[in-house]
Amino acid sequence: MSHSSLSWLSNFNVETVPSKYLRRSSIIGTIGPKTNNVDVLVKLRKAGLNVVRMNFSHGSYEYHQSVIDNARKSEEVYKGRPLAIALDTKGPEIRTGTTIGDKDYPIPPNHEMIFTTDDAYKTKCDDKVMYIDYKNITKVIAPGKIIYVDDGVLSFEVISVDDEQTLKVRSLNAGKISSHKGVNLPGTDVDLPALSEKDIADIKFGVKNKVHMIFASFIRTANDVLEIRKVLGEEGKDIQIISKIENQQGVNNFDEILEVTDGVMVARGDLGIEIPAPQVFVVQKQLIAKCNLAAKPVICATQMLESMTYNPRPTRAEVSDVGNAILDGADCVMLSGETAKGNYPVEAVSMMHNTCLTAEKAIAYPQLFNELRSLAKKPTATTETCAVAAVSAAYEQDAKAIVVLSTSGLSARLVSKYKPDVPILMVTRNERAAKFSHLYRGVYPFIYDKPSIENWQEDVENRLRWAVSEAVELGIISKGDSIVTVQGWTRGSGHSNTVRIVQA
C-alpha cells in the first residue's frame, strides 16, 4: 500500500479500467425536448444516467408531467439501476423589465442611465431607464457597487442612490440591454424570499408526483431550507432537499446551511458571476470537502461538458473539469444543456461515465479513509462506528464488496462517507431510499421486494443471500469472495450495529 497520495498517483496504471457497472459517482441529466421520450431515456440510462432533472425555470406542468411519466415508463422498458427524479426550482431571482417594443437597446461604455423599481416603467424600458423587479435594491446597494445584467454580459457601476426607487448607474462595457434579463448583485446581501409563489406551486407539484429530490435554487441561509421543508410538509418528508449554492451569501452561510440540508449542489453558473471567476474552483473544493466531512452528498454542476451541446467531442479542459470534480470528492456530476437541448445527449452521458470511471481509480482510497477516520468527531454514533469498522474490515480482508441491509439509507450513506475502494451494495425494501441513494458515492441500490417475515434473523439471512446472488449474477463479485456486511439487530431505521465477514 502506498503511504501517500503522491506515491499512489506516481504508480497509477491508467490502463486498468474497472467493469462498467462499478462507476461510483452518479450522473444527473437535465431532460429537454431532445431527450423527453422513452427510447432516448433508455439509451441515456444504458449510457450511465442515474438521475433525471427537470428544470422548472422553463416548461409547463404538462411538459414536466410528461418527463416524469416517460422516466417511469423507461424503468418498465429497461430495468437496469433504479432511476431517481429531481425537481430544480426556478428560485427567487432579479430581472429587468420589458423594453419598449421588446427591442434590444445598444449600450456603449460609460453610458449613464437610471435603474428604477417604479412600476410605471415595468413595460417601458429603454437605454435611458430600466425597470428592476427587486423592490429593495435601493436599500441594499451602495455607490461603487457593481450590477451585472444578462449573466454578466453587461456590467454597471452604481453612481448614486437617488431615492427609494431610483439608482443612477454607469456602464463599464458595451453590450445590449433587453427584456427580462437576469440581474446579479455581487458582494451585496439581498433579502429576497426563499420561495416565490411559483416555487411553492412547483414544489407541491413535485410532492404530488413523488419526486425524490428538490434542487433548491439560490439558497442563502439555513432558514431558506427550513422554509422549503415546511412547504414539503408531511407528505413530502422523504424528499431530499439539495441546496444550490449560487452566491456569496450562500458561501458565507454555508456551515449553517449544511447543518439543515440533505445535500448540496455547487452551482457554478451564477456562482461564477457573484464571486470572482478565479475563486470558483477553490470554493468548489472547499464546499465539497465540507460536505465529505459532514457525510452530506454533493453535486458539481454547470458547463461540465458544455461544448458537447453542439460537438460530438468535449474540450480537454471540460474532461479535466469533470475528472477534477470527482477527485475533489463530488458524489454526483450534472449535465444541463448537453442533455436538455444538445445534439449528442447519449454521447455526453457516455463521455461523463468514462471520465468518472478513470478519475475514480486515480483516488488514493486507503489514504483518504485514514484521513476521514482521523477527522471524525469522537465519540461517533453507533451506526457511524459500524460504518468505519466495515470499511476497515474490507481493507483488512481484501473484501470485494460491502453489503448494507438498510431501511432508510442512513447506514449506506455513512459507509459511503469513508470512501471504500469496493462497491457498497445497499439492500432495501424502501424504493424511495434506493432511488435517492444515487446521491451517495459508491452506493449501488438493490430493491428487495419480498415481504418481511416474523423471524428477524431469518429475514436478514434471506436478504443477504439474495443480494450476494444478484451481485454474483451481475459480475460485481465472484463465488468465494470475502464480503463485509452491515446490519441491524432489530427492525427499523438507525439500528445498524453488526458487522460480519462472510464468503460469497
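All positions are counted from 1 along the displayed chain.
Heads up, the Cβ atoms here are built off N, Cα and C, so glycines get one too.
Annotation comment: Swiss-Prot describes Arg53, Gly269, Asp270, Thr302 as substrate binding site, evidence class similarity to another entry. Less than 8 angstroms from the CB of Asp270 (substrate binding site) sit Asn184, Phe218, Glu246, Asn247, each of them six or more residues away in the same chain.
Contacts of Arg95 (ATP binding site) defined by a Cβ separation under 8 A and a same-chain sequence distance of 6+ are given as Ile132, Asp133, His180, Lys181, Gly182, Val183, in order along the sequence. In the three-state DSSP assignment, the secondary structure recorded for Arg95 (ATP binding site) is strand. According to Swiss-Prot, the feature ATP binding site maps to Asn55, Phe56, Ser57, His58, Arg95, Lys181.
If you look up Swiss-Prot, you'll see Asn55, Ser57, Asp88, Thr89 marked as K(+) binding site, on the strength of similarity to another entry. Just so you know, the Cβ of Ser57 (ATP binding site) picks up 12 other Cβ atoms within 10 Å once every protein chain is counted.
For Lys244, the entry in Swiss-Prot reads site 'Transition state stabilizer'. Secondary structure at Lys244 (site 'Transition state stabilizer'), taken from DSSP and collapsed to helix, strand or coil, is strand.
Residues annotated as Mg(2+) binding site in Swiss-Prot: Glu246, Asp270. The Cβ neighbour count for Glu246 (Mg(2+) binding site), using a 10 Å radius over every protein chain in view, is 28.
Lys181 (ATP binding site): 19 other CB atoms within 10 A of its CB, across all protein chains. Separation of the C-alpha atoms of Ser57 (ATP binding site) and Thr89 (K(+) binding site): 7 Å, rounded to the nearest whole number. Site extent for substrate: among the recorded binding residues Arg53, Gly269, Asp270, Thr302, the largest C-alpha separation is 18 Å. A straight line from the CA of Thr89 (K(+) binding site) to the CA of Phe56 (ATP binding site) spans 5 Å. On the backbone, the CA of Asn55 (ATP binding site) and the CA of Asp88 (K(+) binding site) stand 5 Å apart.
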